[in-house]
Amino acid sequence: MDSGGDSVLRSRCRALHDPDRSVDGDCVSGEPQRGNGDNHITGNVSGKNDMEHVISKKLQLKRKAEHLKSDLMRQLDSQVNDFMDSLIEESASLDPTPVASVFSPLLSEKERSKLRHSRPPNSEGKQFVSRRSLLDELFEVNHIRTIYHMFIALLILFILSTLVVDFIDEGRLVLDFDLLVYAFGQFPLVVCTWTCMFLSVLMIPFTLFHLWSHTQCASYSHPKLYSLLFGSVFGIYQALGLGFLPAYVVVTNSLPPASCFIIIMEQVRLMMKSYSFVRENVPRVMTWSKDKTNPGPVVPKISHYLYFLFAPTLIYRDSYPRSPVIRWGYVATKLLQVLGCLFYAYYVFVRLCIPQFRSISLQLFDLKAMVLCVFNSILPGVLVLFLGFFAFLHCWLNAFAEMLRFADRMFYKDWWNSTSYANYYRTWNVVVHDWLYYYVYRDFLWMSQKRFRPAAMLFVFTVSAVVHEYILAICFGFFYPVLFCLFMCFGMMFNFILHDQRKGPIWNIIMWTSLFLGQGVIICLYSHEWYAQRYCPLKEASFLELLKPRSWSCQRGLMTDSNTL
């Protein structure tokens, strides 16, 4: 029995050396264990079962701890980000030498009270701080950067697919990029039109504001009459000089889509910037006119205004946080990424959109065909959405911010984590959202004395929807208010249904599903109408026929002209 006890002892000693199989008891190498061998075997089996039970318990606790840690870190990260954003803005607003105090003298309490009721608060506007773009931070994580690599791999597959199909059909490689050549046609006219727009925005609003500011001093009588006069001139310039003339150039010269988008989007951008310049500086002059201790009104330098016209923001300030140096390698990388996104969009349209809509049989408006078209358009619609976001809101704006040493790079937030459309609208395009919030929503509340918040929100949605539809109508050459209806109907509805109280992954899934479906509707209906406009001429040029979507009544067989886009 001693030999049996020795063998059991050795097995228990080996178990002790295994960290996952530790048992109680003493064990000394070479020392015989006294007692019955069967008892040792029974005790060993019992200890092994106890050990497996303990290990199972430990694994369960470990899994629970990991889930708890993941949930806690996610909640903590969200709360810390919100807290830091609010803390940064509050700390900037509590600066001992705020901008408003530099340009306006101290007023008495009576004058302050009167001034508060005469204009919206100017010191509670957007605070600019130095911060990086979110994707620049996320791309430092290998897991996130892998997603970027996946999109590059998909672009390579698009290129290979196009080259192979062209080689099979044509017997050679076709590298003429006919769609890009067509889309950016008449580019010299685009450059000339943009130059005229920019020079007019640089000189006319600044000159009008400079002249008006001097009419507010005591030597001029009837300052309100001058304000009405200069305000009317500025409004006429906005409507005719910036509003009508660029659109007239686009329509009369039948510019292709990409060239149209350049002019019309620059038109809207310059109109918003010139309005911001006037809106931010008029209260400053009005403050000076209440107390004329300074010899004259403080008018911004034209160099400040010129910098603002190029800066990637729509909110005017005399100065912004600046980065210490310009990283030209970073600028080159971002511009190359913009170029890559342009070619990416080209291959998306060439491989996924044009073949589908060129070969489709244009029939009377059919619900079944439309449903199939929408679902087939979801993939290209989503890719165009991602490409537009990455190319413009991240690469293009960051490239200009780097060249201008503009340090506040928060052009967007984590809109992809949104569980509500209210949060999505706030985080998708922070640049435009800031302009709408401070100059449309808050000013509407100020004029209504904060009594009509739903009406203010509805007004913001209406302005945004009208501008978006105006851009598409001018650039595509037809009126088809799909985007307007999505904004005003489904956008407003989802804004109240998927509100900020909705939390949890399921609401993020619902948000993404509806967003994908909306992109499919936009791509399908606008592409369908585009080809209907090309192949179904008007029978009679009446105003009603111009407003009526031609795809509803167009009936044509398969398109045979392969050179038509």
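From the backbone N, Cα and C atoms, a Cβ is placed for every residue, glycine too.
Copied over from TrEMBL, here are the features:
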REGION    14-47  region 'Disordered'
COMPBIAS  15-24  compositional bias 'Basic and acidic residues'
TRANSMEM  147-168  transmembrane segment
TRANSMEM  188-213  transmembrane segment
TRANSMEM  225-249  transmembrane segment
TRANSMEM  328-349  transmembrane segment
TRANSMEM  369-397  transmembrane segment
TRANSMEM  452-472  transmembrane segment
ACT_SITE  HIS468  active site
TRANSMEM  478-497  transmembrane segment
TRANSMEM  509-528  transmembrane segment
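Taking a C-beta cut-off of under 8 Å and a sequence gap of six or more, the residue listed as 'active site' has these contacts in its own chain: LEU483, PHE484, PHE487.
Proximity of distant same-chain residues to the transmembrane segment (452-472), defined by a Cβ-Cβ separation under 8 Å and at least 6 residues beyond the stretch ends, is recorded for 261, 264-265, 268, 432, 436-437, 440-441, 444-445, 480-481, 483-484, 487-488, 491-492, 495, 526. Packing against the transmembrane segment (369-397) from elsewhere in the chain are residues 133, 135, 151, 312, 334-335, 337-338, 341-342, 344-345, 348-349, 352-353, 356, 360, 363, 409, 411-412, 428-429, 431, 515-517, 519-525, 527-528: each is 6 or more residues past its ends and has a CB under 8 Å from a CB in it. Only residues 6 or more beyond the boundaries of the transmembrane segment (328-349), in the same chain, are considered here, and those with a CB under 8 A from a CB of the stretch are 151, 155, 158-159, 162, 177, 179-180, 380, 383-384, 387, 390-392, 394-396, 398-399, 402-403.
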